[in-house]
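Noted in Swiss-Prot for the protein shown:
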BINDING   CYS156, CYS159, CYS213, CYS216  Zn(2+) 1 binding site
BINDING   CYS173, CYS176, CYS199, CYS202  Zn(2+) 2 binding site
DOMAIN    7-73  domain 'J'
REPEAT    156-163  repeat 'CXXCXGXG motif'
REPEAT    173-180  repeat 'CXXCXGXG motif'
REPEAT    199-206  repeat 'CXXCXGXG motif'
REPEAT    213-220  repeat 'CXXCXGXG motif'
ZN_FING   143-225  zinc finger
Amino acid sequence: MKKEKKDYYEILGVPRDATQEEIKRAYKRLVKEWHPDRHPENRKEAEQRFKEIQEAYEVLSDPQKRAMYDRFGYVGEQPTYQETESGGFFDDIFREFENIFNRDIFDVFFGERPHQEERREYARRGEDIRYEIEVTLSDLINGAEIPVEYERYETCPRCGGTGVEPNAGYINCPSCGGTGRIREERRSFFGYFVSERTCERCGGTGKIPREYCHECGGSGRVLRKVRKTVKIPPNVEDGTQLRITGGGNAGYYGGPYGDLIVIVRVKPDPRFKKSGSDLVYDITIDYLQAILGTTVEVPLPEGGTTMLKIPPGTQPETVFRLKGKGLPNRYGRRGDLIVNVHVEIPKSLSREERKVLEELAKKRGVTID
């Protein structure tokens, strides 16, 4: 009977050009959906579906296995071959191959699935962690140092990241006898075959731990809360990403730490509008202040205020520029604080105010209705 080929992309419900992230998301969703414990009334079907999902993910999540699968695996409709009563020619080849090596030919292409107790252990870099931080305009004047607290995986203190229980040591891998390689020799009507591959159980090292670490379960890392201080440069732009080397998760089995990526969010200040290294501030004065002159208080981004003299006869929408009161540029030189002066004209006047203004208009020769 012919061995049914499986379309792993169809099993996970992803296109053939799916990214690793898309494959991972589909896998997580499906293993939750088809976990046998969630289908007690139809457990056998759920177990079979769950097994297929695991099998598909093991191949498609590994770039090398996926490339080999894309080249040799099942794609589209299953091809058919002319068969005799004794079975198809290619069925005989596949069956003979399995008789020789006790392995499915597709397992040779894609790699056998290790048993549950078999674990390949090699150092891998830890994942990066993304963390958003909010800063104010005052933080942008001279820069700031802001404390942050977050969770990350750190190197297991019990095993030092090896995943091995202290003093347990290693033993020769029983699968390969300590050589790190599996060699198989068989004879058939095809001739004499020699097959050699990396031992899946020890990953080619020839050794396996006698006992895995009791604290981390063999992963070499544990979850911890950490505190760090993030240095914010002056006048950083909203959305800027700062990378702190080694601030991410610990690597697997002694691998290097990932990075902490800090995304800076500048908290809007309702008093100012930011324009590069300049700040814009709008102020409204009474028409009499514009006519007679006055002094107004203007806030500064770093805190506190400064006094701005409004000369007599100031026109509406006059712009004043306070040099060096803005934000620092890339060279450390501060921009300006730009003050836009708006003049408020009253919509109604009291009888006394109107009388005074009419007398003033008469003296200045201004015609009014």
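In case you wondered, yes, glycine gets a Cβ from its N, Cα and C as well.
Overlay of Swiss-Prot annotations on the structure.
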residue : record                : Cβ within 10 Å
CYS156  : Zn(2+) 1 binding site : 22
CYS159  : Zn(2+) 1 binding site : 25
CYS173  : Zn(2+) 2 binding site : 22
CYS176  : Zn(2+) 2 binding site : 22
CYS199  : Zn(2+) 2 binding site : 22
CYS202  : Zn(2+) 2 binding site : 26
CYS213  : Zn(2+) 1 binding site : 23
CYS216  : Zn(2+) 1 binding site : 24
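The CA atom of CYS216 (Zn(2+) 1 binding site) is located 22 Å away from the CA atom of CYS173 (Zn(2+) 2 binding site). Residues in the zinc finger (143-225) partition by DSSP class (helix H, G, I; strand E, B; coil) as 0 helix, 41 strand, 42 coil. At the 8 Å Cβ cutoff, the repeat 'CXXCXGXG motif' (156-163) and the repeat 'CXXCXGXG motif' (213-220) share at least 3 close pairs (sequence separation 6 or more) and count as touching. Taking the centre of the Cβ atoms of CYS173, CYS176, CYS199, CYS202 as the Zn(2+) 2 site, the nearby residues of that chain (Cβ within 8 Å, site residues left out) are PRO174, SER175, GLY177, GLY178, THR179, GLY180, ARG181, ILE182, GLU200, ARG201, GLY203, GLY204, THR205, GLY206, LYS207, ILE208. Counting only same-chain residues 6+ beyond the ends of the repeat 'CXXCXGXG motif' (173-180), those with a CB under 8 A from a CB of the stretch are 118, 198-208.
Rounded to a whole number, the distance between the Cα atoms of CYS202 (Zn(2+) 2 binding site) and CYS156 (Zn(2+) 1 binding site) is 21 Å. In the predicted model, the repeat 'CXXCXGXG motif' (199-206) has a mean pLDDT of 83.
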